[in-house]
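K.L.:
Swiss-Prot feature annotations, pasted as is:
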- CYS50: active site, nucleophile (ACT_SITE)
- THR49, CYS50, ASN51, ARG52, SER117, GLU122, PRO123, GLN124, GLN128: substrate binding site (BINDING)
- GLY202, ALA203, GLY204, GLU205, THR206, ILE207: NADP(+) binding site (BINDING)
- HIS107: site 'Important for activity' (SITE)
Amino acid sequence: MTILVLGINHKTASVALREKVAFSPEKRDLAFQQIAQSELAQSEVILSTCNRTEIYLHNKHISPEADQENQRWLEQCIQWFADVHQLDVDELRNCLYIKQNQSAVNHLMRVSCGLDSLVLGEPQILGQVKQAYQYSEDYCQAQHMPMSSEFSRLFQKTFSVAKRVRTETNIGNSAVSVAYAACSLARQIFEGLKDLNILLVGAGETIELVARHLLRHGVKKLMISNRTLARAELLVEKLEHNKYIQVLSLQQLQDGLNQADIVISSTGSPIVLITAEMVKQAQQKRRNAPMLIVDIAVPRDVDERVEKLDGVYHYTVDDLHSIIQRNLSEREKASKEAETIIDAEASDFFEWMKVHQFSNLIRTYRESAEQIRQDLLEKAVQAIGQNEDPETVLQELSYKLMNKLIHSPTQAMQAMMKQGSIQGLRSFSSALGIADKKERNPQK
């Protein structure tokens, strides 16, 4: 049996190619159908995000060794990957990474722990892996084709490893994105965010990320001010927290400042939007209560003179970048600890899989022998019931039982003799307990 990963990501492929190999739900279902029909694998999980597309396959019938059968199967998988997206196979191959067995297990765990992400240690990827696995599980159940126990165990093990890495290392403790750093800064300055008034200026991607972080931390009073009201309203719809969010025009920006404990601004404006005079007026109405202003726009949205006002804490994007750089260094240290955990866990899983593979073989062998015994015993009981001589029946039973049990091993030894496989014969003979007498009883 073998586990295979075929993938491209932000390190190996352009955005244009990543877009071409993305899997919509419809294309994912088509892929599952094609994989089953062509017998490329018995179980599969497809992970498709903006930064990566990875196909995890489990084939019980392909040897993990690098033999010709394995190579042919690998080429079939690559060709299918290209065909399903109508791509030239060479174009895909140039950007493709291929990992098998323990390397594949290790890769899945690294991906799920955020060690292979664009932002080191980011937690979102684990949720995306879980969704990909659940999608595959649901599809298998709908088709009455259960996912293989080995593959299911691999993903469950991966999820527990990711949890362990989060618990035992500091991989996710430090902010490494501008949006997250802004929110972390707010949580450091104010004990809690839930009862604060927060004003966001802008409605782009960064402000969306900031809003999501804030809402996740229980913020109940959020204002969004933007030059285009329609875009701000669209953002509110995407956030799905309408009752907590108020939309303001830029003409109402002063009203928002008058209420705000925290201001985070990120627009594309070529001019300053929040002047020192506007903040001074707001502070007079707020009686100089602490106000945090985080300007993450380039060019700047906020007049830098606001930092001289009483009660105002002013940070720019450069301040955040220095925080992020320090935090990245911390994550780099934590990632080394995470790698040690992953290497050990991946090795443990692969050892289990190898033993599990052969335990199935042993169980099948025992079941086969038991079936032979039951069949012959049933015939012997019937013969004795028909008044045949018990001694003759038992003699025949023992003779037939011996012949049936040694039939397959005898054929295997004959095949090895024809091939001249001396080492194979020695190993097989030793396993059967019939090593050459001279070897067992050497002359003194």
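Note: Cβ is positioned from N, Cα and C throughout, glycine not excepted.
Keep in mind that this is a model prediction, so the values were computed, not measured.
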K.L.:
With Cβ-Cβ distance below 8 Å and at least 6 positions apart along the chain, what are the contacts of GLY202 (NADP(+) binding site)? List them in sequence order.
P.N.:
ASN226, SER265, SER266, THR267, GLY268, ALA297, ASP301
K.L.:
Using the alpha carbons only, what distance in Å do you get between THR206 (NADP(+) binding site) and SER117 (substrate binding site) once rounded?
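P.N.:
On Cα coordinates alone, these residues lie 19 Å apart.
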K.L.:
Roughly how many Å separate the Cα of HIS107 (site 'Important for activity') from that of SER117 (substrate binding site), to the nearest whole number?
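P.N.:
Cα to Cα, HIS107 (site 'Important for activity') and SER117 (substrate binding site) are separated by 12 Å.
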K.L.:
Taking the Cβ of GLY204 (NADP(+) binding site) as centre, how many other Cβ atoms lie within 10 Å?
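P.N.:
Step by step: centre on the Cβ of GLY204 (NADP(+) binding site), count other Cβ atoms within 10 Å, giving 14.
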K.L.:
Where's the emptiest Cβ shell within 10 Å among the recorded positions CYS50, ALA203?
P.N.:
CYS50
K.L.:
Given the binding-site residues ALA203, GLY204, GLU205, ILE207, which one's Cα is the least distant from that of THR49 (substrate binding site)?
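P.N.:
For THR49 (substrate binding site), the closest Cα among ALA203, GLY204, GLU205, ILE207 is found at GLU205.
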K.L.:
Compare the C-alpha of SER117 (substrate binding site) with the C-alpha of each of the recorded positions CYS50, ALA203, GLY204, GLU205, ILE207, and give the closest one.
P.N.:
CYS50
K.L.:
Could you tell me the C-alpha distance between ASN51 (substrate binding site) and GLU205 (NADP(+) binding site) in angstrom, no decimals?
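P.N.:
Roughly 16 Å, rounded to the nearest whole number.
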K.L.:
Nearest to PRO123 (substrate binding site) in three-dimensional space, by Cα, is which of the recorded positions CYS50, ALA203, GLU205, ILE207?
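P.N.:
For PRO123 (substrate binding site), the closest Cα among CYS50, ALA203, GLU205, ILE207 is found at CYS50.
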K.L.:
In the same chain, which residues outside the set GLY202, ALA203, GLY204, GLU205, THR206, ILE207 have their CB within 8 A of the centroid of the CB atoms that define the NADP(+) site?
P.N.:
LEU200, GLU208, LEU209, VAL210, LEU235, SER266, THR267
K.L.:
Mind computing the max CA-CA distance among THR49, CYS50, ASN51, ARG52, SER117, GLU122, PRO123, GLN124, GLN128, which the record assigns to substrate binding, rounded to whole Å?
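P.N.:
Max span of the substrate binding residues, Cα based, is 15 Å.
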K.L.:
On the three-state reduction of DSSP, what should I expect for GLY204 (NADP(+) binding site)?
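P.N.:
DSSP call for GLY204 (NADP(+) binding site): coil, neither helix nor strand.
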K.L.:
Among CYS50, ALA203, GLY204, GLU205, ILE207, these being the recorded positions, pick the one whose CA is nearest to that of GLN128 (substrate binding site).
P.N.:
CYS50
K.L.:
Closest to CYS50 (active site, nucleophile): which of the binding-site residues ALA203, GLY204, GLU205, ILE207, going by Cα position?
P.N.:
GLU205
